[in-house]
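Engineer: Just passing along the structure, written as structure tokens.
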């Protein structure tokens, strides 16, 4: 039983990261109806920026905030320069764009910072949390920050004008434009927020998986799995999906024979495919019915 | 939400390509084939090897082109089928001493099966969802190949070494030259098969589905069957290419078949022009030579160069080499008239 509780708690902690990643994926999906395959690489790049800032002697939280601002601006810049001109292009072209972005960022990070594995500091420490043996303070910190982020986003979308405008622009762009919302900038804002949320996920997971250019590959696939499980149209679903996927992954790794660490990605693959087959809209996704 | 309502509202993933514009004229084809036959007699073994790889990747891109250009579905996971084909050939040759030529049809059939099975759930997915599922497949493939469970056959992380076949009947040819002509024969056969497939009843069904799924099903086309069929054929051809690739490179290992390979194949298709079959080989040349040039400038640069070029292409020549070829043809026509 102790093993079980342990695994569930550890699953919730990694689930927090998947939840952040899934949230970032859903932010962009809401804005442009596409999955950003470069999301993980964007997060990885932000994490490297924060690492570099700390190498230059900035304290953790200063680096954290500067990185968030950088990612936000970077996300908006990418949308303005690269993806706005492609907005009307066929899906294939857009996917090609995401793949190109993935390839550029990955290679550029490798050139700048090398492919060697780097230690990444945690602001929470790694001692046991409140004296319990179940989770470490870092894991508790991961969960805490994710919850804070969620509450913040909830208030942003429910109680601010910009949040409302973003929701309107995502739901019915034409009508939103008619009431004077600049939908094009709402999309850019979505990119910026997604990039910032992704960078939080990157900075939180980096102490666990270590820092290197390919660190987000697996995390992104889990983020996708979580987003698909929760429904690509529901931020709440994405977060719940993240926690579920984290717990599921850990339990499967512990209790199903032959499933060790090496099976983690195939599990995500199986999860994505089975959700898409059984319930394509996900647990909390809206069923969008469009006219023929 | 029914799948049909979901799909109907979306614009086609790929722009339509006229059927006749899919291939080269017979005169041009003949010249190309003659060149491919003669050139190896005059060049070094290493260049012959690169030409072999060009044909092999060309086949893999062609397979993707049939799926995307033909039926409008796209896959970021064809590297997984390539890996299955390569491993099938390698395992049959090294563990069971099967003749290399016989392993290729087996690789093709096994991959056709995998593709068909993968096409089943993929049926309900369109656009981004399909890209997502195949992306996950490509990412997971190296891990699946490393599984301890398969290790007695696959050799685990170390992979398998494959022996290069000698020329048969005592022909006075180096192994590389023989493998090149062998690959060329298979390539021509598969290319002709593909052209005929796309011009056949099935091919027209693929294209009808690509252009408008609802209209296609209203005309009585069994959308589900044809979509899975396209997936199966594409995977089958990719598998044959994978098998040839294993023989040519003489080595298979899980890390040769990562997402990078999937990206390369996708890039090759975009560069060559989606739906233009000869473009597959132009795209293949691109994905073989550009990384070499980029690595020459700086190690690790190839990804960035790939990405930048891909952006340039989708911004400047969205139809890839097909567009360039058509413009060139028009210019030539004008020059001749004046």
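Note: Cβ is positioned from N, Cα and C throughout, glycine not excepted.
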Engineer: Looking at B:77-97, B:98-118, I want to know which stretch TrEMBL calls transmembrane segment.
Structural biologist: B:98-118
Engineer: Thinking of Cβ pairs under 8 Å, which stretch from B:21-41, B:229-253, B:259-289 has the most of them with the transmembrane segment (B:125-145)?
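Structural biologist: Ranked by Cβ pairs under 8 Å, first place goes to B:259-289.
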Engineer: The transmembrane segment (B:47-67) and the transmembrane segment (B:178-198): do they have three or more Cβ pairs under 8 Å, with pairs 6 or more apart in sequence?
Structural biologist: yes
Engineer: Check the transmembrane segment (B:259-289) against the transmembrane segment (B:21-41) for contact, please; criterion is three or more CB pairs under 8 Å, pairs 6 or more apart in sequence.
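Structural biologist: Taking Cβ pairs at least 6 residues apart, the transmembrane segment (B:21-41) and the transmembrane segment (B:259-289) are in contact, with 3 or more under 8 Å.
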Engineer: Going along the chain, which residues at least six beyond the ends of the transmembrane segment (B:21-41) come within the CB cut-off of under 8 Å?
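Structural biologist: For the transmembrane segment (B:21-41), the nonlocal Cβ contacts are 48, 51, 69, 177, 180-181, 184, 188, 195, 198, 275-278, 322.
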Engineer: Do any residues, 6 or more residues outside the transmembrane segment (B:98-118), come within under 8 Å Cβ-to-Cβ of it, and if so which ones?
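Structural biologist: Residues 77, 81, 84-86, 88-89, 92, 137, 165, 182, 186, 228-229, 231-240, 242-244, 247 contact the transmembrane segment (B:98-118) from elsewhere in the chain.
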Engineer: Short question: which residues 6 or more past the ends of the transmembrane segment (B:229-253) have a Cβ under 8 Å from it?
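Structural biologist: For the transmembrane segment (B:229-253), the nonlocal Cβ contacts are 49, 52-53, 56-57, 59-60, 62-64, 66-67, 70-71, 73, 75, 78, 81-90, 93, 100, 103-105, 107-116, 118-119, 122, 157-165, 179, 183, 186, 190, 194, 197, 202, 206.
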